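K.L.:
Pasting a structure below so you can have a look.
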Amino acid sequence: MNSTTTKNVCGDKWYLNLDRPEEALKILVFIAIFVVRTLLHYLMKPLGQPYLTTDFAIGLILGNIPRFRGAFSGPYSITLNNIIEFGMICHMFVMGLEMNPSVLLRPPTKDAFIAYTSMITTFVLAFVTTPFLHYTKTSPYIFSLALSLMASSTGSPILTRVIANLKIRKSDLGKLASAAGVHTDMISTLLYCFGFIFFPTEKPLARPLHRFFRALLMFCLFLAQVTFTSIVSPIFLNWVNNENPEGKPLKGSHLVMSLAFVVLICSFPTWPPESMYNPILSAFTAGLFLPNKGRMSKWIINKINYLLSTVFYPIFFFWVGFIIHMRNFDITDKMAWVRFFSLLGTVIAGKVTGTVLCGLLLGYHVPETASLGLLLTTKGHFHVYLAALAIRTNRVKSTTGALIIFIIVFTVVYSPFVVMDIIKRARKRVPVHIMALQWLDPTTELRILIGLHGPHNIGSTLNVMEICHGGREPGSIFYATDMVELTDEIAATLKKGGGAGQSNDSVTVTDRSVTEMRESITAAVNGYGELRNGQGVTVRRMLALSTFVTMAHDVCGLADELMVSIIILPFHKRLNPDGTLDAGHAGFRHVNRKILKNAPCSVGILVDRSFGQTEEAWRPGASMGIAIIFIGGRDDREALAFAAQVARHPAVKLKVIRFLEDKSSQNAQKRSSILNRASVVDQEEEMKLDDECFAEFYERYIAGGGRVSYMEKHLTNSSETFTALKSLDGEYGLVIVGRGGGRASSGLTTGLNDWQQCPELGPIGDVLSGSDFSHNTSMLIIQQQRTRGQLEGLHDDFTIL
């Protein structure tokens, strides 16, 4: 029995019969495209190249293989052209839907200024040069207008993808490039829409009056589409979104109505046969003025983008390769190469000149604005389509059109390298120092910023200073920082003219309650500084006077400026007379959380139950029992580094308690699937770092009869971890733990955070600070410096402009 699939698409001439080799070859072409595409993109991923580059390379090769070209000749080429046109309609619709036309009605922002300036300089330069190079013999000035507009535009989807892939979209330059690219793309495509109305690509009508009425008809249809879409679509889509809330399946009838509505607004300007309005540009206009917020719009964007990226774009570039036909490429055509280098130079020079001039007015660095200009030269699929269409309609020679497409693709090829150069320069200009105890150079002084909410923190602050110093060489600097909320009453008492001991020397605080509080704290910490004078201890006073909204930012800025290794903050809850903790201060809790998230160094939160009331560690004969719990992970390693500072003090009796997971237990075996889901390489690297760090500590402070004692506990699950923590109840005055609560793969803490009251303390710290734990044991929860972002040596939101 013959397996024959018959589909009549073009009269009686196209029948897809898989029994015939030339028919099966069509299927083989598409399979080859998708397979080779995946492999080639994987190989080019280290270069940061987007799919457009690999798709073009594959399409150019496969589209020029004679057997493949023969399989798609004749009526099949018509079908392929129809597929490409439909795909471009979808591409332009979703591109418009992702844009926001309301920015055109607002005062121009920096990105708009850069977009306008770079567009104008490139357009003027291109329009001055292109008419003399004779790209086409039909309507040369109209073609020069279109080519100049293409040269001045930007392919925002490709540019945004390159910026996101190389992880600079949160930086100031990344944000500016993305916004300016979208603005440029939107303006240039709208100008294409207007240009098509007055200069249609179809054969012009003989009489000027007829041409005028056709242009008037298309303009009226354009205005009707914009008006109808802007007014009706928000009402309709808001109703659909309200009827289909998040979390519930989309109703089929509403989905069908929404798609029908989209098809209606995209197509109705093309209904009158006299209009000849371009359906691709009509789809862009419809998408542009549709609301892009809401569930239905997001659903449409996601689905269409998925189909475009996985199915359409590979076929599109096969069509482009088919159109180019390298056999017709005349490499000896000198004039074509003059056009090539002239247009490439015009695109680069125009964009770079415009952005540099605008950047100078805005106060940006020239190298960065030049890089921004190079990024804005990036073109996209729409520009490739226009160039290929010019070849197909014989408006340009095949060689000239192919070289224009090569220029478009070349602007995409070098964009990732421009971004890499930006990152390289940012690393030099914006170095990020690793400020953590674990990597502290032993030959440098220890710098610690200690926050105080009031006089009740004096005792714990002095004890922290003492145990951290421990006779350390070359010494320690402690920045005792008062964290004071800036209320309206306090703001009314501020006077210009700095006061001594304040971090902000532009004002003096005259509020009586604040000055009395600061005087009592200053007397205590200065007294300790005088006591340790000559022993390498330096105490300095700081003030963070801010609202709770900005206090975390000020403290982090102070820590960065002072280059401290760790910030130690008081817990937001205070000790009651009965030994319990009160409900806490919501403002200081907010500050602690923000500092944990944004601090440039390590952070410790001190839960003071009795630490500030115990015998001062510097008194003769004083003794203080301190324990550190080590499970594993970066925070536990930082806690161990803090314990190493504490271990030097003669009055401290330090005990290291290491919780080890029993690998032979059934629980550990069940968790192997979790390890498989997580990055096994990362987990093994973490375990290696833990073992190396602990071995170094053990050899230095525990082995050979050191003063630090050691205990291991082999546990199987979080329940046994909780029991082990309860067994420490009341034995130590201070317990040091890492906020992370061990490695992500550790089963010893899994489940402990299900009922967390204070997530900022981590699973172990939250248990130890609970109301059912000892009222005599204080906790210090430590978090190692978080290097935000995925760029090595840089934060995601680095600033370089």
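Cβ coordinates are placed from backbone N, Cα and C, and glycine is handled just like the others.
Straight out of Swiss-Prot:
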- 24-44: transmembrane segment (TRANSMEM)
- 77-97: transmembrane segment (TRANSMEM)
- 113-133: transmembrane segment (TRANSMEM)
- 140-160: transmembrane segment (TRANSMEM)
- 179-199: transmembrane segment (TRANSMEM)
- 216-236: transmembrane segment (TRANSMEM)
- 252-272: transmembrane segment (TRANSMEM)
- 275-292: transmembrane segment (TRANSMEM)
- 304-324: transmembrane segment (TRANSMEM)
- 343-363: transmembrane segment (TRANSMEM)
- 371-391: transmembrane segment (TRANSMEM)
- 403-423: transmembrane segment (TRANSMEM)
K.L.:
Are the transmembrane segment (24-44) and the transmembrane segment (403-423) close, by which I mean at least 3 Cβ pairs under 8 Å that are 6+ residues apart in sequence?
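P.N.:
No, since the transmembrane segment (24-44) and the transmembrane segment (403-423) share fewer than 3 Cβ pairs closer than 8 Å, they do not count as touching.
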K.L.:
By Cβ distance under 8 Å, which residues at least 6 away from the ends of the transmembrane segment (216-236) in the same chain are close to it?
P.N.:
193, 196-197, 200, 258, 261, 265, 268-269, 272, 274-277, 282, 285-286, 289-291
K.L.:
With the transmembrane segment (343-363) as the reference, which stretch in 113-133, 140-160, 252-272, 275-292 has the largest tally of C-beta pairs below 8 Å?
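P.N.:
If we count Cβ pairs closer than 8 Å to the transmembrane segment (343-363), 113-133 scores highest.
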K.L.:
Let me spell it out: take the transmembrane segment (275-292), skip the flanking residues so only those 6+ beyond its ends count, and list any with a Cβ under 8 Å from a Cβ in it.
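P.N.:
Long-range Cβ neighbours of the transmembrane segment (275-292): 85, 88-90, 92-101, 186, 189-190, 192-193, 196-197, 200-202, 214, 217-218, 221-222, 225-226, 229-230, 233-234, 237-238, 262, 265-267, 269, 301.
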K.L.:
Six or more residues beyond either end and a Cβ under 8 Å away: which residues meet both conditions relative to the transmembrane segment (77-97)?
P.N.:
9-10, 14, 156-157, 185, 189, 262, 266, 279-281, 283-290, 292, 297, 300-301, 304-305, 307-308, 312, 315-316, 319, 322, 381-382, 385, 392
